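Some features that TrEMBL has for this protein:
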{"type": "ACT_SITE", "residues": "H185", "note": "active site, proton acceptor"}
{"type": "BINDING", "residues": "D40, N103, V127, G128, N129", "note": "NAD(+) binding site"}
{"type": "BINDING", "residues": "R90, R96, N129, R160", "note": "substrate binding site"}
{"type": "DOMAIN", "residues": "3-149", "note": "domain 'Lactate/malate dehydrogenase N-terminal'"}
{"type": "DOMAIN", "residues": "154-324", "note": "domain 'Lactate/malate dehydrogenase C-terminal'"}
Amino acid sequence: MAVKVCITGAAGQIAYSLIPSVAKGEVFGAKQPVIMTLLDIPPMMKVLEGVKMEMVDLALPLLQEVIVTDDPLVAFDNVDAAFLVGAMPRKEGMERKDLLAANVKIFQAQGDALEKKAKKDVKVLVVGNPANTNAAICSKNAKSISPANFSCLTRLDQNRAQAQIAEKLKVPVPTVKNVIIWGNHSSTQFPDSRFAIVEKGAEKVPITTVNKDPAFAEYLKTDFIKSVQQRGASVIKARGLSSAMSAANASVDHMRDWWQGTKDRWVSMGVFSNGEYGIPAGLMYSFPVTVANKKVTIVEGLDINDFAREKMDLTAKELKDEKAMADSALEQKK
Ligand code: NAI
């Protein structure tokens, strides 16, 4: 049986890299057929027809059908998984609260449509910014779908953090494990390297044992954190466009691990807090998690020192404020 997958914002940059990976089997399995629905707004339908032509021309064995639409009710019909990439971009002069209000409307409508049409065990990954708050709003409007089936993308931040540590230590990227992103996908996120290890054969070596130089420990508390927090802005500055290839790649990593499991490592995902680590219950907050049988479990019992506590609370506060702003935008709509 084919897995039915929706990608929203399908005429955009991230989707252009994400679509082929999903269609080639990099997310749901190398032998798993897929049906793909692509959603965008009415002015983008011509572009989307072009994307569909290219998908046909990929001549892929796993891609059974492509459905292009501007109607969320069609896009989410019976879907098993959804990548919610499309969002209102920040325009010049636009205030944060206006951006949030515009996105609240989009994610409220998409939550409604998921509620009406998607499978009840659908896995929803929100990529469009502000990703955490958008995911929370979407879930709120899809009451019959478990909140555990909603998540948001912080895997790009994790990948950035992992790559920076690997580069500093001159080790292969996949051998660096258990770097954590806490909190919001924003510049208040806390990239936490305190539990990171390098795998050397069967041995797991803490990164500060791999490099014992006090300057490295200092870097981890200062420039490392800043450069991961600011990496998105640095890419925009250099490229003139926001991260797309790496965001698509991280979306693949996130959904693949949700679908197929994390095996022997932690990954970071934005998920609803149940009060873990003193983070208010109901906040969509990035935690270290493991996944088995499509069930996400927050890694518990990690030591939180004063340094970490302050940073974790700061990003939680930003999320609380965002949620309050979103709730007030929803109230005004009523
Ligand atoms: P883009 O502007 O190239 O594409 C966005 C697409 O979404 C456009 O085709 C637009 O027409 C569509 N769209 C807008 N409203 C829609 C709606 N109501 N329904 C369906 N489609 C809609 O943007 P790009 O580069 O693909 O980025 C998409 C989003 O992902 C942005 O919000 C961006 O900030 C976010 N992002 C998130 C990251 C993360 O790590 N969470 C990383 C990078 C980007």
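For all residues, glycine too, the Cβ spot is worked out from N, Cα and C.
TrEMBL labels come from automatic prediction, so no person has curated them.
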Given the recorded positions R90, R96, R160, H185, and counting only Cβ atoms in the protein chains shown, which has the most within 10 Å of its Cβ?
H185
Quick one: Cα separation, G128 (NAD(+) binding site) versus R90 (substrate binding site), in Å?
11
Would you mind giving the whole-number mean pLDDT across the domain 'Lactate/malate dehydrogenase N-terminal' (3-149)?
96
When you measure from each Cβ to the nearest atom of ligand 1, which of the binding-site residues R90, R96, N103, N129, R160 fall under 6 angstroms?
N129
What does the DSSP secondary structure composition of the domain 'Lactate/malate dehydrogenase N-terminal' (3-149) look like, as residue counts for helix, strand and coil?
67 helix, 27 strand, 53 coil
Could you check which of the recorded positions (D40, V127, N129, H185) sits closest to R96 (substrate binding site), going Cα to Cα?
N129
Considering only the recorded positions R90, R160, H185, which residue has the minimal Cα-Cα separation from V127 (NAD(+) binding site)?
H185
Winner by Cβ contact number (other Cβ atoms within 10 Å) across the binding-site residues V127, G128, N129:
V127
So which binding-site residues are near H185 (active site, proton acceptor), with CA atoms within 10 Å, out of D40, N103, N129?
N129
